[in-house]
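Trainee: Below you'll find the structure I mean.
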Amino acid sequence: MRQSWRPELLIVGAVVVIEGLQAAQRACGQRGPGPPEPQEGNTLPGEWPWQASVRRQGVHICSGSLVADTWVLTAAHCFEKMATAELSSWSVVLGSLKQEGQSPGAEEVGVAALQLPKAYNHYSQGSDLALLQLTHPTVQTTLCLPQPTYHFPFGASCWATGWDQNTSDVSRTLRNLRLRLISRPTCNCLYNRLHQRLLSNPARPGMLCGGAQPGEQGPCQGDSGGPVMCREPDGHWVQVGIISFTSKCAQEDTPVLLTDMAVHSSWLQAHVHEAAFLVQAPGVVKMSDENSCVACGSLRSAGPQAGALSQWPWDARLKHHGKLACGGALVSEVVVLTAAHCFIGRQTLEEWSVGLGAGPEEWGLKQLILHGAYTHPEGGYDVAFLLLAQPVTLGPGLRPLCLPYADHHLPDGEHGWVLGLTQKAGINYPQTVPVTVLGPMACSRQHAAPGGTGIPILPGMVCTTVVGEPPHCEGLSGAPLVHEIRGTWFLVGLHSFGDTCQSSAKPAVFAALSAYEDWISNLDWQVYFAEEPEPEAETGSCLVNSSQPASC
């Protein structure tokens, strides 16, 4: 695997080595013989003295790293469904450059005990780390670990090792792999651009990622459990992550998922007292990859304020013959969603233009698709799909909203935001209006004429009522109904009928976007669907040895 990135020196600040007991008294993270900087290609003998091959009955299963003279750190998923009595069949080979067999000078040590976090259930859920206690100490150099407050150099180049996948030789050799360290939000953003639900938001709390070099292959099968390492200015190498999983072999746009060492540092310190943990000196400049991938549903500001003029980066303003006719929402670089009723009797594309975000630029339309079942707003299916004539460039001022999947949860009483129109100096401006979701039966009753029955609120509809004092505004057809879940904003509705600005009048009724997942997906234009973000999880631990069951 040829590597093409230029090496970048990683400078993140001064480091103090907090020494533990015996193992940490010698220098951790000191790379072996070789050039001052690692080189892409085959690993040199002794270059990474802490590199471990974790084997079962002599066969390589996973990689690992020596973090104390009797402890090896690896991935928990390497030991799934393992019976306690099988510990004797496992061993660790240190100093070998061959995946099978041993290089000259390599050392093989047995495994006495295995520790797993309590929180570990499956590698995709996080907490994918394990500690192997060796049967006797080794003299190999150990790898440094980070303190919980360690700031990772996101966007910078770090290193991993992987077993060469481009050879048919059974005994694969160890190679150096340069990886770009990627934060969890950016990693999820990259995976969500693949538009595959099974791959959406894979980076859970307690994870980070590593991206391969452009056009090159990163860690692969057999590399699980191996360390991802960053170099400090004083020469210490610190393990920032454990290779956990990836989609096929890691590529630039499908990063490898890593177990975050800083998040799990307290757990490690509680179990490996001899390891050396690094703490960074005050004043370290944080490195960020925040702008390297524009995620759907992300806001750089604090969020909307009631009555404020809209500055949302996904707002769409649909103009017919130059006059504002409807609202809408940007859901990808080329797609805007709005209400179908906006185009009844006026479907000539050249008559329309679309403004986006807060900027003055306008886009033409290349294609217009109305839902085939639409007849009138009260009958449902009031959704239109607009394909822009030219793609937009996403950035701080232009970001798409996330679309909900069919099982997206939007309970009655949920808070959200809609847009109305307010006039200032004779000019219409979109105004943010806080709302709550109203149940279908209550919504139907409020739409009833005096003494009559209400209109049916169909399953593909959602109603809202204004929170607090009704604002001075008018409704805008096709305007988005949005709500936020743990920092991610979703497009949950498009205004169809009713009044978005008046709580005492008929409630606003929206086309519920979760009901249109299949219709939107079948149009075969990529848009940004997203899973609901999960809450943060805590980590714990348990010991697996001769006295406790492997399922602990």
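Cβ coordinates come from backbone N, Cα and C, glycine included.
Annotated signal peptide per Swiss-Prot: 1-23, in sequence order. The domain 'Peptidase S1 1' annotation in Swiss-Prot covers 24-273 and rests on sequence analysis. The region 'Disordered' annotation in Swiss-Prot covers 27-46. According to Swiss-Prot, the disulfide bond annotation covers CYS62-CYS78, CYS158-CYS230, CYS187-CYS209, CYS220-CYS249, CYS326-CYS342, CYS443-CYS463, CYS473-CYS501. The active site, charge relay system annotation in Swiss-Prot covers HIS77, ASP128, SER224, HIS341, ASP382, SER477. The domain 'Peptidase S1 2' annotation in Swiss-Prot covers 294-525.
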Trainee: Roughly how many angstrom lie between the C-alpha atoms of CYS501 (disulfide bond) and SER224 (active site, charge relay system)?
Mentor: 55
Trainee: Can you tell me which recorded positions out of CYS62, CYS209, ASP382, CYS443, CYS463 are within 10 A of CYS326 (disulfide bond) by Cα, answering none if there aren't any?
Mentor: none
Trainee: For the C-alpha pair, I'd like the distance in angstrom between CYS78 (disulfide bond) and SER224 (active site, charge relay system), rounded off.
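Mentor: Given the Cα positions, CYS78 (disulfide bond) is 8 Å from SER224 (active site, charge relay system).
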Trainee: Is CYS473 (disulfide bond) helix, strand or coil when read with DSSP?
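Mentor: Where CYS473 (disulfide bond) sits, the three-state DSSP reduction gives coil.
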Trainee: CYS342 (disulfide bond): which of the recorded positions CYS158, SER224, ASP382, CYS443, CYS473 have a C-alpha within 10 angstroms of it?
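Mentor: Neighbours among recorded positions, in sequence order: ASP382.
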Trainee: Compared by Cα position, which of the recorded positions ASP128, CYS187, CYS209, SER224, CYS230 is the closest one to ASP382 (active site, charge relay system)?
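Mentor: So, of the listed recorded positions, the one sitting closest to ASP382 (active site, charge relay system) is CYS187.
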Trainee: Looking at the recorded positions HIS77, CYS158, SER224, CYS230, CYS473, whose Cα is closest in space to that of HIS341 (active site, charge relay system)?
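Mentor: For HIS341 (active site, charge relay system), the spatially nearest of the recorded positions is CYS473.
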Trainee: Could you round the CA separation between CYS230 (disulfide bond) and SER224 (active site, charge relay system) to a whole angstrom and send it over?
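Mentor: The separation of the Cα atoms works out to 18 Å.
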Trainee: Considering every residue in the domain 'Peptidase S1 2' (294-525), what is the mean pLDDT value?
Mentor: 90
Trainee: Please report how many Å separate the Cα atom of HIS77 (active site, charge relay system) from that of CYS158 (disulfide bond), as a whole number.
Mentor: 24
